[in-house]
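What TrEMBL says about this protein:
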type	residues	note
BINDING	M266, G268, G270, D310	Ca(2+) binding site
Amino acid sequence: MAWWKAWIEQKGVSVKSSPHFNPDPDAETLYKAMKGIGTNEQAIIDVLTQRSNAQRQQIAKSFKAQFGKDLTETLKSELSGKFERLIIALMYPPYRYEAKELYDAMKGLGTREGVVIEILASRTKNQLQEIMKAYEEDYGSSLEEDIQADTSGYLERILVCLLQGSRDDLCGFVDPGLALQDAQDLYTVGEKICGTDEMKFITILCTRSATHLMRVFEEYEKIASKSIEDSIKSETHGSLEEAMLTVVKCTRNLHSYFAERLYYAMKGAGTHDGTLIRNIVSRSEIDLNLIKCQFKEMYGKTLSSMIMEDTSSDYKNNALLTLVGSDP
């Protein structure tokens with residue numbers, strides 16, 4: 001399923017609101033789990049992974065009202081490592097969490113471009129606006145300006161273009177003539193001549209609707225006798241190549257894109273825990289069930305089975321698996 005349709009699929013939600021919810025006993029359970037020597041991590045998992053994000057916010061308010069302490073700060077003081085990272089991720093409201101991920105990706109020396117590309121290429125215009133608002137409120141600076149300060153060249157341009165959210169178009173209208181013209185323009189500035197006009201690629205990929213781009217990709221393949229992905233790989237490199245390919249992947253099938261992100265977060269030596277946590281947490285109330293189905297279709301194994309093979313301790317056995325839910 002393409003990205004612009006994925007936001008309306010309720011069947012994709014893996015973490016749902018708990019029925020007959022009351023934040024007060026949940027807050028008390030968490031307080032007791034962290035009171036005294038030692039921490040009852042299972043109690044924390046049982047509460048926080050089985051409540052929606054909105055319910056977690058209510059629990060945090062009840063916790064402060066009952067015990068005079070900030071729940072997130074208390075959790076930080078009691079937990080550590082990957083488990084702490086996961087539980088704290090659950091406590092952030094969605095847009096504040098994504099703003100935090102972007103801020104962390106850019107602060108200090110070096111920028112983790114993959115995180116920035118992932119978020120900007122896969123969110124809708126409304127979501128990007130909310131993320132920008134949360135970013136400015138929490139960090140006192142403009143997300144766009146920070147991206148410009150931390151990146152350069154064509155990568156900076158494509159990220160700023162993506163941040164405008166100009167690809168949204170739910171009406172589904174496609175002008176066949178314009179789609180053909182776009183495909184011809186991409187071929188002319190890419191495969192046909194020596195050297196590539198990167199800005200033409202960026203402009204078309206970042207300003208055309210997803211339905212339109214699907215038609216462009218189809219026409220391009222007829223003209224060039226190769227896929228748009230193959231042309232991007234041969235004509236660009238590095239982070240710009242990754243950004244362009246991510247736009248194409250999200251346009252073709254958003255669930256496949258996230259399945260791939262999760263798979264490669266765990267494949268090979270070591271686990272990219274940030275990618276694993278971010279995508280499971282951020283998609284759990286949107287379309288994680290649909291991503292799980294795509295994962296199984298693409299890799300011949302379930303997401304939960306790969307998590308069990310690749311991760312360890314409470315972080316794996318209970319928290320992540322509870323968020324992922326039952327196998328498709």
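Yeah, the Cβs are placed from backbone N, Cα and C, and that goes for glycine too.
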Neighbour tally for G270 (Ca(2+) binding site), based on other Cβ positions within 10 Å of its Cβ:
9
Cβ within 8 Å of the Ca(2+) site's Cβ centroid: which residues qualify beyond M266, G268, G270, D310?
A265, K267, A269, T271, H272
What is the total of other Cβ atoms whose distance to the Cβ of D310 (Ca(2+) binding site) is within 10 Å?
16
Residue, out of the binding-site residues M266, G268, whose Cβ gathers the largest set of other Cβ atoms within 10 Å:
M266
